[in-house]
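Inspection log for the structure reproduced underneath, given as structure tokens.
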């Protein structure tokens, strides 16, 4: 045991030195995310800044987002509608796909030339503005943004360094999706609602359809999320503290979680990773032949991924795609919901009042929200959701999944959970852990140490 | 069995192997062309070239102009508006720098050459942020003339090409320089009247490499171009690739196919010189 601790301390020390070097190189103030004292209760929220006012003269704003074709189109027509309403404001957009986008925005945040309004990923608040230096506290703009349209839990998640750094555009979480065409072939007519149902499905698939049919396939990161889901369901506590990233689970409890995942593999509920790689290497599940043809009949995915998976199915399987039910593995509801993206105003913005008006238009007002629809996920703003639904601009599959996730999940996510060194496919720690177990290199008990070492090296505090 | 027959068999096998390997090499490109006519489920279903349900959606969607801000033609024009100055700057500056290192003995030459070579091993990733901060100070970020992308090439920053040209220059006999000097050429005249013509194939290969790399460069334009109307092809192709909700691959493949056409044409035009250029530098160390 002493050996394990010393290795962890070593990793922590090297991690800290490396991080300090990076920060020094960037010339920014060292502000470790774990020390960001952002508990909402510590300081009263800043009140509206009365000096903010809309200008009568011509105003130039810029906005940036990432996404695909349909999101680009939605934002652009919403901006047109906004400019028609506010004839003195011109909005210049910048947009691209997600890949490389974080690097671009990180450079822009550091150089101070990011756009006035930015679509931000939730963990950017911690990565780039843990000291509150990059984004305007939106509580000061409450004259222009109706902040009462959001649940306090969602708003609190964006409250970092005593500052409301962004408003959530949408919330997301994981849920099961099933291909009922295959389930029906195995003689199962209802979606699995309990662990017993899952195990029974594994058995039925193997017996009736053969060894190459599985009720479910999860990649390494999906497994990690399901494991946390299981543990939270069983023990009723967050995986880690949502502010300080202090792990709330003991080694024994984590070993139990890993053993749970292994039991799903052993009971033919899930495909062994080794088997999956040999047929697909690192291809994503929705692009695998097994998913397209229905041999893999289930996934545990983000609510927003529904259309990606359903449209990938071939014609004989397309109709069977069904949003499943969240499964209670213990006495509590497991799983987390997280802010999938937010809109923030950068501190370099010169026209904060107009920028805030734009955010309010996109998320809360009828004209904007009905155009944006569910292009950035199911709107988290209550008014926005109503307008989008009335306009019929919400994808029904995603809306159904999102409603189930939001009604079920109660746990919070910590900002380090999605750290790239942990979740990266191929090189991340999560991948290493679940690969080791599936290849038989480590037992769940042994894999705990690999997991904890990796988590500690990215900044988790482990009790 | 006569000599003729065995010769024929040998030729048959040679061609058989060559054609087989050739087909394997070209297959991905053929597949890419056929996949532009398939939908997603068909693309991932197998590697056959046969198209079950042909669709032209890929090409139709490739003409999407993103609210009028950028279209495929404009993106191609944008690409070449910085690739061409970049290639010219690279070739000229690398040639001059190589001439200096290859032909002149000045104090600190070895040290400077080593320092220059050392920059070859610096990964671009570590340069991104400092470079961005610097260019931001210059006001070059989102410049309408793409200054941040190509101006640095005018200062022989592409070490690889300098190195390649220095090696190549060793093959050009110094006697020619001396003869030129006797005829009254200055150093610069020697360079462009004697050495540059001899370096022809090597310069073409430099230009081609830089052309291909610059056309394919994604991170540079992503960092330094923010106005959609100025997006080059490498950004335009990727605009639709939203991993979260999924996208139609036939459009991406159609765009990719269209965007590599000019590169293919340039490559075929310069092919002979190019291959000569690569091998010529390698013979003598």
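All positions are counted from 1 along the displayed chain.
Quick reminder: no glycine exception, Cβ is built from N, Cα and C everywhere.
Keep in mind that TrEMBL annotations are predicted by a computer and have not been checked by a curator.
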Per TrEMBL, the transmembrane segment among B:145-166, B:167-188 spans residues B:145-166
TrEMBL record, transmembrane segment, of the ranges B:79-99, B:226-246 the matching one is B:79-99
The residue range that TrEMBL labels transmembrane segment, out of B:54-73, B:194-213, is B:194-213
Contact set of the transmembrane segment (B:248-270) with the rest of its chain, CB cutoff 8 A exclusive, min separation 6+ beyond the ends, reads 32-33, 35-40, 43, 55, 57-59, 61-62, 64, 72, 76, 79-80, 204, 207-208, 211-212, 215, 233, 236-238, 240-241
Comparing B:79-99, B:111-133, B:194-213 for Cβ pairs under 8 Å with the transmembrane segment (B:145-166), the winner is B:79-99
Same-chain residues at least 6 beyond the ends of the transmembrane segment (B:194-213) with a Cβ under 8 Å from one of its Cβ atoms are 83, 86-87, 90-91, 94-95, 99, 153, 158, 161, 164-165, 168-169, 172, 176-177, 180, 185, 263, 266-267, 270, 273-274, 276-278, 280-281
